[in-house]
Amino acid sequence: LELESVPEWTLLFWTSLAVIVPVIITLWCSAQRSKRKTHMKDFFRKSKHGWHYTDLFNKPTYCCVCSQHILQGAFCDCCGVCADELCLRRADRSLSCKEIMAPSSPDGGMGHRWVRGNVPLASYCAVCKQQCGSQPKLCDFRCVWCQTTVHDDCMDSLADAAQCDLGEFHSLIIPPHYLYRVNKLRRRHPDEYSKLASSCCTGWTPVLVLANTRSGNNMGEALLGEFRTLLNPVQVFDLSELIPSKALQLCTLLPPGSVRVLVCGGDGTVGWVLDAIDTMKNTVISILLIIYIMVFRWKVQIASKGLYFRKPKVLSMNNYFSVGPDALMALNFHTHREKTPSFFSSRIINKAVYFLYGTKDCLVQECKDLDKRIELELDGERVALPSLEGIIVCNIGYWGGGCRLWEGMGDEPCPPTRLDDGLLEVVAVFGSFHCAQIQVKLANPVRLGQAHTVRLVLKSSKMPMQVDGEPWAQGPCTITITHKTQALMLYHSAEQTDDDDDESTASEAESPTPRDSPRSLGATSTRA
């Protein structure tokens, strides 16, 4: 009865208010959060610290200013200083960060640079050898260079004359005193750099870390932070902010032949850095990668049909080139990741998206009858193509997340591939479902042959293509893949059984290396 006596407009008013007020509050909070984030980003950009804001620390963390437990705040991934939101500006002013360039002590050594509190888990005191950071408060010290930890009570026992030796990774770190001396040089010459290197440790081989934070599952920022903690921050570069040619300019301030380059990213990132290294080899300095195996690199020339006056597009290939369903899946994935990069933050999600696109292509078959639209030549010889949907040209032994594409399985074994023989392996697939069968070892690809030079002619329509995971849609064209250069690369050799060792030894005894007889499968000799 009471509800019946309430006017309809009153009910409408309170209902509307109950809906509108939460929406207004949510929008206001969102606007304030966005404004605050922009303000913090501008503050971080101007700071000398490498601040990263977070509201979820992965361990109990205490503010280096007020010593209170932090719920929301920021940490510096270079020196490890932590501060809550209210103390952030004070911490930025009063606590210095890791200096990338500084003079050495009068005796030529380098003193420790201590930061109090938040020491790594399972760290031990350099004096008493007991565990550090075990108390629920801001306590104990850590050197930002050598990562030595020491208790508050043991600090006085540590010898005043103790010098920082840069710790476990001293042979990889560019000491701040080295850059300071380089900056003071009047004559910038490689011989001068070699003389200065004598003040560093024996066997000094500084490493440069180049990472693409846009590759993979968005773990690049955390990876870069770990390297900035262990190395000199000047050695660590984010390729989403600085191109490789600019990052590698640091090599011009180091002794020739001493630099090692660590590239973190996808196939395209590796090729990007190798191209920059090739340029610097010819102009500025001899740069070495971590040496284990010689990898042949390839030039992919794309001449579009009908555009005779336009210069052919030239790409560098290190791993593989493909046209067909796998390139189509990569293209669809790449397009959607560019639109919403935050969604592709997990390997499981990424694999699921690839699976969905592969399933879709099984039904649609967008690359059907590729054999009628393309011609293939291996070292100038025309190859007859079966009914297929895709062609893959490989320089390495693995494809599609670890599948050994060329060797095959079951009744069709084939000697393993090599990265340094100057030959490319060319195979064909019948579609997306066939690719999936190959990856789970239920089928083999069609081996078309091996060659020093591969030429493909796309006669009609537009087809998806990719080089080292970088996809695009290509119209009628002529594609020529030829040898470009070699690069010395780190090569991981998995543990082998005794049987594998015996087989590889026998193969090496039977077959010369490298081979010069490519052509089709009928002319292929036993492979080392």
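Yeah, the Cβs are placed from backbone N, Cα and C, and that goes for glycine too.
If you look up TrEMBL, you'll see 496-505 marked as compositional bias 'Acidic residues'. The annotation domain 'Phorbol-ester/DAG-type' is assigned in TrEMBL to 48-97, 111-164. Annotation comment: TrEMBL describes 202-278 as domain 'DAGKc'. Per TrEMBL, the feature region 'Disordered' maps to 493-528. Marked as transmembrane segment by TrEMBL: 12-31, 283-300.
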Summary of DSSP states over the domain 'DAGKc' (202-278), given as helix, strand and coil counts: 36 helix, 13 strand, 28 coil
Rounded mean pLDDT for the residues that make up the domain 'Phorbol-ester/DAG-type' (111-164): 89
DSSP-assigned states of the domain 'Phorbol-ester/DAG-type' (48-97) in counts, ordered helix, strand, coil: 7 helix, 13 strand, 30 coil
